[in-house]
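Everything on this sheet refers to the single structure shown next.
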Amino acid sequence: GQDEEQPNKEGKKQQQVSSFRRVLPQVLAVAAKNTLALNFGLSIAFPTMVIPAISDPNSDMKLTKDQISWLGSLFFIVIPFGCLLSGPCIHRFGRKTMMLVMCLPFAGAWLMFSYAYTPELLFGAVIMHGLVNGLLEAPILTYVAEVCEPEWRGMLASTTVLASLGGIFLQFFMGNYLNWRKSATINVCFPIVSLLSLCFIPESPHWLVGRGRIDDAEKALRWLRGWVGLDAIKPELDTLVIAMQTSKEKEGSPFTCAPYLNRTFIRPFSLVVASFFIGHFTGMSTLQTYAVGIFQELKSPVSPYSLTAAEGFIQLAGALVCISILPFVGRRIMAVTSTFGTGVCLGALALIGSGWPAVILLLIAVFLINSCSKVFPWVLIGEVFPPGVRAVASGMASCIGYALGFLVNKTYFLTVDLLTLRGVIALYAAISIAASLFYFLILPETEGRSLDEVQAHFRGEINLGRGCKKKKFIIGQENVGYVAEVS
């Protein structure tokens, strides 16, 4: 509709803006943040390009099989250390500031890869990448939840994974035409783009309120809600200010043990960790990191590098489908159907073993994994934790998620030696089927719900589980359930 002014309850004129104008700044803010998620995808996919290149007998760098397994998994064991530091850092310095500061070491890590002619320098670049990406976890995940209104939160939160998968696909695509050192040199440009993009978006208004910077929070909200006047955002701002005064007494400091012993933390934390376990132990990590070798094992008549690039595109397509239909079908249906479908495809793949049918089944499974298991943990992190501990809890959950990724990647060769590739895929299939039952019984329907309603579910006050219908929000309704984090 057209922008206009309407009287509010006090009889004063309140600016009303079109739906497009209201959502546009939220999309722009999330898009700027997503440039870092794209960098993250480039980082994750990079070892997939490096491993087969240095495994070549003609490579200028020689690594043992054990060193290669470390190269494929080191990123996942380093990144949790960054995640643990991430929560306290953004609690102190803010979401936007942390994202800005991390752009420079990100570019530095890519330069290290470009000039890595020894194993030590190669591993050093991986370690730097892991630490930087870990430090970016909490600001990336909490920023999107804190700037978006309920109607758009789920969809825009899903774009974080979409951007990451875009980076993976881009890296796989470059790997078809460039050697890994040239790819690393090109990748230096992406953190610079992130740095420039982030300069134009506001800090999280919730963090600003928590720091007592009310005037800055007002400016941020006015920008994020469509470049409007004070009257248009005053109810939301007042809610945040009141929350700042009350939430500390209710939840306590995020740096004490008390908040982490409450069911409002334990229940959502367990759910997020379970979703990470499901993702990693159904092939989310290994089918990507060791894609070239897996396609070779399946005896595909097509180049494994071409199929790896196709896998990157299919991952992107899966996330796009998730974003497109999530607002209409909700979390529960997506989770149950995609994990069950993944189990069926992987089970059939384990029986067939090789050839074109096996390749097609694997690519379908990759599509289904990326329409749910790849996306869900990151969406849940932004909305299920109590506001006072959200930053620290996000870092803790991400830490465990990446530790699980390290475990499954580091033990991949060992499990293949013990079970064969078909046996490993059969194990993934069994876990996928069990996951569909878990999601059916446990997962709450949070699509279209305010953050207050999500918290009420974990407090046991309402039930957002089976039989719960999604609540339709009107664009522009204030997110009254969002409580500011108190410093």
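Cβ atoms here come from the backbone N, Cα and C positions, even for glycine.
If you check TrEMBL, you get these features:
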- 27-447: domain 'Major facilitator superfamily (MFS) profile' (DOMAIN)
- 36-55: transmembrane segment (TRANSMEM)
- 67-85: transmembrane segment (TRANSMEM)
- 97-117: transmembrane segment (TRANSMEM)
- 123-144: transmembrane segment (TRANSMEM)
- 156-178: transmembrane segment (TRANSMEM)
- 184-201: transmembrane segment (TRANSMEM)
- 269-292: transmembrane segment (TRANSMEM)
- 312-330: transmembrane segment (TRANSMEM)
- 342-369: transmembrane segment (TRANSMEM)
- 389-408: transmembrane segment (TRANSMEM)
- 420-442: transmembrane segment (TRANSMEM)
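Residues 26-27, 30-31, 33-35, 37-46, 48-49, 140-141, 144-145, 148, 186-187, 190, 288, 305-306, 308-309, 311-313, 315-316, 318-320, 322-323, 326, 370, 374-375, 378-379, 382-383 of the same chain lie 6 or more positions beyond the ends of the transmembrane segment (156-178) yet place their CB under 8 Å from a CB of it. By the Cβ criterion (distance under 8 Å, sequence gap of 6 or more), the transmembrane segment (67-85) is counted as touching the transmembrane segment (123-144), at least 3 such pairs being found. Listed as Cβ neighbours of the transmembrane segment (389-408) (distance under 8 Å, sequence separation of 6 or more from its ends, same chain) are residues 73-77, 79-81, 83-88, 90-91, 134, 137-138, 141-142, 145, 251, 254-255, 259-260, 265, 269, 272-273, 276-277, 279-281, 285-286, 377, 381-382, 485. A contact between the transmembrane segment (36-55) and the transmembrane segment (184-201) is present, since 3 or more of their C-beta pairs, 6 or more residues apart, lie under 8 Å. In this chain, the transmembrane segment (123-144) does not touch the transmembrane segment (420-442); fewer than three CB pairs sit within less than 8 A of each other, excluding pairs fewer than 6 residues apart. 97-117 is the stretch from 97-117, 123-144, 269-292, 312-330, 342-369 with the greatest number of Cβ pairs below 8 Å to the transmembrane segment (184-201).
Against the transmembrane segment (123-144), stretch 97-117 has more CB pairs under 8 A than any other of 97-117, 269-292, 312-330. When averaged over the domain 'Major facilitator superfamily (MFS) profile' (27-447), pLDDT in the model lands at 86.
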